[in-house]
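**Student:** What follows is a structure written as structure tokens; I'll ask about it next.
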Amino acid sequence: MTVRQKQRDVEAGLRDQTNLLPKRELIILFSTLAASLLVCFIDQNGIGVLLPSIAKDIDAENTISWAGTSNLIANTVFQVLYGRLSDLFGRKLVYVSALALLCISDLLCGFAVNSTMLYVFRGLAGVAGGGITSLSMMIVSDVVTLEDRGKYQGILGAMVGTGNLVGPLIGAAFAQHATWRALFWFIAPVAAICCIVNWFMVPATVPTKDFKGNVRKIDFYGLFTGSLATILILIPISGGGSYFEWDSPMVIAMLTVGGVLGLAFIFVEWKVAPLPMMPLSLFKNIPVAVLIIQNFFYGVTYYAYLYYLPIYYQNVRNFSPLISACLTIPIVFFQSFSSIISGLYISHYKRYGEVIWAGFIIWTIGASLTTLFSRTLHIAAIVIISCLNGIGVGFVFQPTLVAMQAHATKAQRAVVISNRNFLRSLGGAFGLAISAAVLQNTLKKNMPAAYADLARSTYSTPDYSRYNAADSDAIHDAYAKASRAVFITLAPFIALCLFGCFFVKDRGLTRPDEMDQQTPAESQVQSQHVMSQDCDKEDEKDCASFMAVPAPVEDEIEEKEKEKDDDEGVEEKKKEDGTNVEEKKVKV
């Protein structure tokens, strides 16, 4: 038996956690999931505006960006693990544990007295955030059919956008009227309430008695090699150019060791792990592989926009932080709006292909127009271009997930979500690193020699009041060229995503293992048609056995009807016998 066959056998033995709910219960459960996801993204994005206040309070001006970096790295590393953990121990237990961890870690962040404590607790919050993001989508996939999934996943996508918008506003309000610690003290009890509510609302799966057997199925070798590889790669690319020189021995060593461990991780997932966190079989399915790559590429662009558009607004256009925050509203609002619209469209028409095509076309146009951002571009043009980018994001953020699930098996549902989120976050980390390198290199080339020190810090905002008019113009021009270079670098990634759409065919929203109850003949014919599209060479035997029809469907129907008639006859006979017994008792 090959390693792949063993992995397939273990995967086939996983519990089916599908639990389609009545509409009333579904709405209540979905509301709690959406609220939990909103809290998670408020936590992730609310801290950005607090960093100056936090740095001053705990004396961490030189390292404060690690409050965000530690969260991002931990979030990315553990995303890929949650899918298999929830397969083995149940969605409910893992999801509620992630919410509890967010509650505890944010509470501890509020009491942090030095930078080390803060960075460690923000890392724990990142671990929790990765679980909440992935498990919310997995649970929705368990409780609704694939046909309705687009609608609900679209609303979850809107919660992501809302969290990106509301988080900084809440953080700024606490910073201005209270203390930065109040944000974490606000999130902790809200997360605790979500934890309690979800404990009662999320459907529970019957726990397996073989706990030790489940523990042995955990991909520990993959977890070890994958986590270390991700950490050793993300730390230097996140801090390269700001904390570390790109050509320093430490950066080179970390990237080299990280690359070797990455190769070891691939080998473990391929040949060693009984239940791999990242099954390489996913990449044999061409549509799924292309969709995963698309998620990585648009993660590169999306996360870079969230960080570098505000830098453009403040350093190039000299807008205040408040105006810069307001200018992010169009992209976030239209992301949320179009995410809901795309979900409704998919659920109504049972198609996702045209939504994904439209999303990447609109986003490619928006990303191309973003390269026109300059010192003099009218603010109305900036808003319109931001709206295009937001619509594009909303049309691909969750619909690509629906498409991946339509092309994957039910047993791979959770692992598809976790790997998609992992690679999207990993793409975001690479996007930030690439953007930082491009920005700094362009600044060094164009910054006046007297102010070369400004190019050392990626996120610093110059105090233009200190410079005369000529020097101020020169610094503005340097930042304008650097920002434009970043936007030019990011645009091709979305164009590549658009090209990938040629390899993803819309196969509808019906899978053989999630099919509505139809007549046996219709069900069997449709199952054969769907399965024939997904067979790869290694799975030909399994597909052949599935496609083989053991007996005519009509004979099976007649047999079942005959059995039903016989059962009804037996029941009638029992009733008659019972009536006769009663009559005899009365006579006696």
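One is the number of the first residue shown, and numbering goes on along the chain from there.
Glycine is no exception: its Cβ is also placed from the backbone N, Cα and C atoms.
Dumping what TrEMBL says about this protein:
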type	residues	note
TRANSMEM	26-51	transmembrane segment
DOMAIN	29-509	domain 'Major facilitator superfamily (MFS) profile'
TRANSMEM	63-81	transmembrane segment
TRANSMEM	93-113	transmembrane segment
TRANSMEM	152-176	transmembrane segment
TRANSMEM	182-206	transmembrane segment
TRANSMEM	218-238	transmembrane segment
TRANSMEM	250-268	transmembrane segment
TRANSMEM	288-310	transmembrane segment
TRANSMEM	355-373	transmembrane segment
TRANSMEM	379-401	transmembrane segment
TRANSMEM	422-439	transmembrane segment
TRANSMEM	485-504	transmembrane segment
REGION	513-588	region 'Disordered'
COMPBIAS	517-531	compositional bias 'Polar residues'
COMPBIAS	534-543	compositional bias 'Basic and acidic residues'
COMPBIAS	553-570	compositional bias 'Acidic residues'
COMPBIAS	571-588	compositional bias 'Basic and acidic residues'
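Are these features on the surface or tucked inside, and what touches them?
**Tutor:** Within the chain, the transmembrane segment (63-81) has long-range Cβ neighbours (under 8 A, six or more residues past its boundaries) at 44, 47-48, 51-52, 54-55, 115, 118-120, 122-127, 129-131, 133-134, 223, 226-227, 230-231, 234-235, 238-239, 242-243, 277-278, 418-419, 421-422, 425-426, 428-429, 459.
Nonlocal intrachain contacts for the transmembrane segment (93-113), taken as residues 6+ away from its ends with a CB within less than 8 angstroms of a stretch CB, comprise 36, 39-40, 43, 58, 82, 85-86, 121-122, 124-125, 127-132, 135-136, 139, 181-185, 187-189, 191-192, 194-195, 198-199, 202.
For the transmembrane segment (152-176), the residues of the chain that approach it from at least six positions outside its boundaries are 30, 33-34, 37-50, 53, 136-137, 140, 144, 182-183, 186, 306, 325, 328-329, 332-333, 335-337, 339-344, 346, 390, 393-394, 397-399, 401-402, judged by C-beta separation under 8 angstroms.
Residues 15, 17, 19, 21, 28-29, 32-33, 35-36, 39, 42-43, 46-47, 50, 90-92, 95-96, 99-100, 102-104, 106-107, 109-110, 139, 142-143, 170-171, 174-175 of the same chain sit 6 or more residues outside the transmembrane segment (182-206) yet have a Cβ under 8 Å from a Cβ within it.
Within its own chain, the transmembrane segment (250-268) has Cβ neighbours under 8 Å at 219, 221-222, 225-226, 228-233, 235-237, 240, 244, 276, 278, 280, counting only residues six or more beyond its boundaries.
Here the transmembrane segment (379-401) has long-range neighbours at 137, 150, 153-154, 156-158, 160-161, 291, 294-295, 298, 302, 305, 309, 327-328, 330-343, 346, 352, 355-356, 358-367, 369-370, 372-373, 416-417, 420, 494, 497, meaning same-chain residues at least 6 beyond its ends whose C-beta is under 8 angstroms from one of its own.
Nonlocal intrachain contacts for the transmembrane segment (422-439), taken as residues 6+ away from its ends with a CB within less than 8 angstroms of a stretch CB, comprise 72-73, 75-76, 79-80, 130, 230, 234, 237-238, 240-242, 246, 278, 292, 295-304, 307-308, 311, 458, 482-483, 485-486, 489-490, 493.
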**Student:** Sequence-remote contacts (6 or more beyond its ends) of the transmembrane segment (218-238), Cβ cut-off under 8 Å?
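**Tutor:** 69, 72-73, 76-78, 80-81, 84-85, 88, 244, 250-251, 254-255, 257-259, 261-262, 264-265, 268-269, 272-278, 426, 429-430, 432-433.
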**Student:** Residue list, the transmembrane segment (288-310) vs rest of chain: Cβ under 8 Å, 6 or more residues beyond ends.
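**Tutor:** Distant Cβ neighbours of the transmembrane segment (288-310) are 164, 282, 321, 324-325, 327-328, 331, 360, 363, 367, 370, 386, 389, 393, 396, 400, 403-404, 407-408, 416, 419-420, 423-432, 434-435, 439, 483, 486-487, 490-491, 493-494, 496-497, 500, 503-504.
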